[in-house]
Amino acid sequence: MAADSCSWFPALAVGVSLLKCFFISAYRSTDFEVHRNWLAITHSLPVSRWYYENTSEWTLDYPPLFAWFELGLSQVARRFDANMLQVENLNYASPATVLFQRLSVIVTDVVFIYAARECCRCVREPKGSRDVLSRPSFVLAVLLLWNFGLLVVDHIHFQYNGFLFGFLLLSVAKHLQSQHLQGALLFAFLLNLKHIYLYVAPAYGVYLLRSYCFAQDNKDGSVRWSSFSPLRLLALGAIVTSVCALSFGPFIAMGQLPQVLSRLFPFKRGLCHAYWAPNIWALYNVLDKSLAVLGIRLKLLEEAELPRASMTGGLVQEFEHSVLPSVTPTVTLVCTLLSILPAVASIWLRPHGAQGFLRCLLLCALGCFMFGWHVHEKAILIAILPLSILAVESREDAGIFLILTTTGHYSLFPLLFTPAELPIKVALMLMFTIFSFTALRKLHSSQGSLLHPLEVIYLLGLVAVAIACEVVFPLSPWQQRLPFLPLLVTSVYCAVGVCYAFLRLYASLLLRREEKPKQL
């Protein structure tokens, strides 16, 4: 990263931090109460009761390291308003409580800011470039720090994703800098903070085994088995074991591990989250519903005999599909493993260094997002943020990034459903999208167009979807009869773009040219 970044990087970081402060009094979701309740649980109850407490429906369901994090926050929270730390004070939201929780997200984002800076150090800078928009590090800093998804999910909707993504991006940066043990340590901490990052664990495991534990390749690029280092494997094992012991140790000692795991993996929840993630199951659900309607009209099916399609009502309980086979957690697991298998096999057979690892990480994230059980729409950010690094260095990846970010970010619109937040989310989305298209087009101006004509037409279709769902539908009589329709249309339309980006990213990994084998 250029030396003059000491002027523009702090300005970007301070600017976005000030912007976040403007959202302190904005709409907040039930996740606000979730985290207030966790503050109360960890502060008011002994450790032995943390994963048994159920006064609130929002029980503690993150790994223990995040519970320790909440305990640390609670020590500061009591200086703002001690009443927020009482378990029985359900839905407590005094002005001091709101201020503390909002500020806690903003302050802990310092981890993300530091990680963004480290990622910027990993990209190649063109020589003699004076225009800041022609510098990959500057573009990357804006794409990360001012990411639309993080702004609306963390600082309006309310969560701590920036803090968590800081660990992920910092881990990726350490691998790009060949500091593999530090990268592994950071990822181990991340897994023990939030288990959704198991999505990308296969990429880490295979990459570290293949490219760190095996120190050399043969001339044809295959693994040199004699170069295996037991000491390196032991070092990695020690890191993972130590972090897990720090996180889970007290609960294992109390014999509570099964209870903790039952909270972390609640498979009784439905196939899809209430806000449909734009993945393959959104398309599957719509296909099932369409076939059921068609079957009834053609008198091939009896409506009374069909199972009630609760999914189209926005519910998340288990249910049966009407025509197509119902999907179980086992089916989603098999589909997920099959979807990421070529990616992890590729970095074993043709590692392509840390860049290959990053591509595999993205495909694992998207594969789990596409085929996983009860996937949250916010999980698309696990792919969008790391893809920013590749987008500033490759025209092909920049095109994939524009498709995935535009569709993935728009799929988050239903999270902010109040009229007051409509101008905010539209303005933030336009600001980020216009910058992304403008900056990446300028960055890769000498290499041709970033998008094909059909891709441009598809993305422009989002404008029509937005007008129909955000403006026309609320004024129509359908709002009372079909309240779930805008969410269905949004999820299905965006699912097409996410699927397409997934396939293009796979092609970019599998069709890459061979690199010279490593000799360490």
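Even glycines carry a Cβ here, placed using N, Cα and C.
Per TrEMBL, the listed range annotated as transmembrane segment is 426-444 (candidates: 65-83, 426-444). With pairs at least 6 apart in sequence, the transmembrane segment (426-444) and the transmembrane segment (196-213) have fewer than 3 Cβ pairs within the 8 Å limit; the two do not touch. By the Cβ criterion (distance under 8 Å, sequence gap of 6 or more), the transmembrane segment (137-158) is not counted as touching the transmembrane segment (356-373), fewer than 3 such pairs being found. Outside the transmembrane segment (330-349) by six or more residues, the chain places 202-203, 206-207, 210-211, 221-223, 271, 280-281, 356-357, 359-360, 363-364, 367-368, 370-373, 506, 509-510 with a CB less than 8 A from a CB of the stretch. Scored by C-beta pairs under 8 angstroms, the transmembrane segment (456-476) has its highest count with 482-503, from the stretches 356-373, 426-444, 482-503.
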